[in-house]
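Q: Take a look at this one; I'll ask things after.
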Amino acid sequence: MDKMSWTVRLPSNLGLRTFGGTDMKIASPLSEKFPTNFDESHVLNQLSDLLPIRRTSSIEKPIPTDSSAPKNQFRVFDELLTPEDKLRGIFLQKLQGKTAIEKALTSVDVELTVDLVAKVVNKGNLDAASIATFFNWVIKQQKIPIDNDTYCIILKALGRRKFFGQMVEILKEMKNHGVMPDSVTLNIVVDSFIRARQISKAIQLFYELENYGLRCNTETLNVVLRCLCHRSHVGAASSLLVKMQEKVPFDVTTYNIVIGGWSRFGRVKEVERSLKAMVDDGFEADNLTYSCVLECLGRAGRIDDAIEIFEGLEEKGRVFDAEIYNAMISNCIGQGEIDESFKYYERMLNTDCEPNADTYMRLISAFLKARRVADAIEMFDEMLSRRIIVTTGNVTSFLEPLCSYGPPHAALMIYKKARQAGFTISLTAYKLLLMRLSRFGKCGMLLNIWNEMQESGYSSDMQVYEYVINGLCNVGQLENAVLVMEEALEKGFYPSRLICSKLNNKLLGSNKIEIAYRLFLKIKIARGKQNSQTYWRAKGWTRIKDQTSLPVAAAGNELNLLFYFPNGHLLPCTEG
């Protein structure tokens, strides 16, 4: 008897990738036992019993906009996104039209503040149109004061990204909203041009200040000159000074800005020319002028001439201020004569001249660079006794060299004294201390610094967790290291493979195989999540029509959740 064959067509919605949704042909030599008109559904039922398959489609159906199903199928994880990410995510959806964007921004449940506006525009990669649209929406909300400070935030964000066209447009719109720009606003705009090396545009803006509600006067000229000299464009500043000589009245500050700019490069002839022009204009040199001259001579290597001028001024009975002494201290430090610079500090105290923060900054930095730690700490104590306040960056600059050589004892002394004096300690300073303490295995001090960092309002990031885990591993506190590792993984931080490998080897070396295996499984799951996040962040957040699903990634054998981004919210899809 002839052989009989059956053709079974598998439905494509079964999702059998083994068969690819194609036709499967089953041949049988037993034609007598099976009739030719056999029902195919019987075969499908038998296959379903042998190979159980989910009959639901792998493609999610669009959810109607007027349906209440999302309330039952999805749970909004708003806590996964910060307020600035929620607002910034609206622009990542590429909505069409300003009305749609403003409507989506209004639907985001956040409390609008000036700090929040700054975080939205300063971080991320928003383009010029997005920043302008967001700022116009902020103005319409009328929840924060629209003044010069608010405009400065937007202008600075646009200038930093070199969106000069939009920056100038917003500068023009300030008058329409009843806000007149001031010298701070002008400084931000001009400095943005100069930082991008567009000197001609910055000077042209100065010539056209009347179009923006400002005037070409002494104050605005000094702002432009200060920006040019600060960015080392002293030649352009000198040319502008010559051009405006008969148009704008000068003052001593105008000449001092240019003289100070040339002194940074040690250009003695240019300083002499500017000084002569100042005297010819009827102005008398003040202490700031002389300090710039002394600093210029020191940078040019003419330290003897600087000393001669200093002694001559002292013989004439001129009352010095801290700036002149600071110039001589810097000259001596530049020549490597730290002891000589300390003598000028003593002369300052003998003449009842009060030192300022810059004085101690120069001396302490010089002592630390020469690794004279005891002298640096003594100067730091004297600075605190005079109640001189330094910035957070100054304290960090003190700790940075101390954490690069020697034990961490001196760095801890500076840190404790600064903290007791009420100085703000930066997150970078805390990381430097944690790094140094972990390397030396000072576990108790490390944990105390970590607690104090959290009490100061700083949250731990991946670097902090790595330093803590490394320090605990170095002293053999493996159980605590495992707890810190688990805490880091729970918060979404994934320490480097070097730290994970070090902890794993320590556990295996201590015969704690079970703990090592459990930690390995947690790290494996965390790595899968990290790969998923890397994937969908690399793909970017795009607008999804009709709220259809967006697959994120597949980690291992587990398919990750599908995400929606309606109205700036992050919604994970249910597994059904």
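Every residue, even glycine, has its Cβ placed from backbone N, Cα and C.
TrEMBL: automatically predicted annotations, no manual curation.
Copied straight from TrEMBL:
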type	residues	note
REPEAT	147-181	repeat 'PPR'
REPEAT	182-216	repeat 'PPR'
REPEAT	251-285	repeat 'PPR'
REPEAT	286-320	repeat 'PPR'
REPEAT	321-355	repeat 'PPR'
REPEAT	356-390	repeat 'PPR'
REPEAT	461-495	repeat 'PPR'
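Buried or exposed, and what's around them? Tell me for each listed feature.
A: Packing against the repeat 'PPR' (147-181) from elsewhere in the chain are residues 114, 117-118, 121-122, 127-129, 131-132, 135, 138-139, 188-189, 191-193, 195-196, 198, 201, 205, 211-214: each is 6 or more residues past its ends and has a CB under 8 Å from a CB in it.
Remote same-chain residues near the repeat 'PPR' (182-216) are listed as 148, 151-152, 155-156, 158-160, 162, 164, 167-168, 171-172, 174-175, 223-224, 226-228, 230-231, 233, 236, 240, 244, 247-248 (criterion: CB distance under 8 Å, separation of at least six residues from the stretch ends).
In the repeat 'PPR' (251-285), the DSSP tally of helix, strand and coil residues is 25 helix, 0 strand, 10 coil.
Helix, strand and coil counts from DSSP across the repeat 'PPR' (286-320) read 26 helix, 0 strand, 9 coil.
Long-range Cβ contacts of the repeat 'PPR' (321-355) within its own chain (Cβ-Cβ under 8 Å, at least 6 residues beyond either end) map to 287-288, 290-292, 294-295, 297-299, 303, 306-307, 310, 313, 362-363, 366-367, 370, 372, 386, 388.
For the repeat 'PPR' (356-390), same-chain residues at least 6 beyond its ends with a Cβ under 8 Å from one of its own Cβ atoms are 322, 325-326, 329-330, 333, 338, 341-342, 345, 348, 397-398, 401-402, 405-406, 410, 413-414, 417, 421, 423.
Long-range neighbours of the repeat 'PPR' (461-495) within the same chain, counting only residues 6 or more positions beyond its ends whose Cβ lies under 8 Å from a Cβ of the stretch, are 430-431, 434-435, 437-439, 441-443, 446-447, 450, 453, 502-503, 506-507, 510, 512, 515, 519, 522-523, 526-527, 529-530.
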Q: State the residues, same chain only, that lie 6 or more residues beyond the ends of the repeat 'PPR' (251-285) and have a CB under 8 A from a CB inside it; answer 'none' if no residue qualifies.
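A: Contacts of the repeat 'PPR' (251-285) (Cβ under 8 Å, skipping residues fewer than 6 from its ends): 218, 221-222, 225-226, 228-229, 232, 234, 237-238, 241, 292-293, 295-297, 299-302.
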Q: Across the whole of the repeat 'PPR' (182-216), what does the mean pLDDT come to? Round it, please.
A: 93
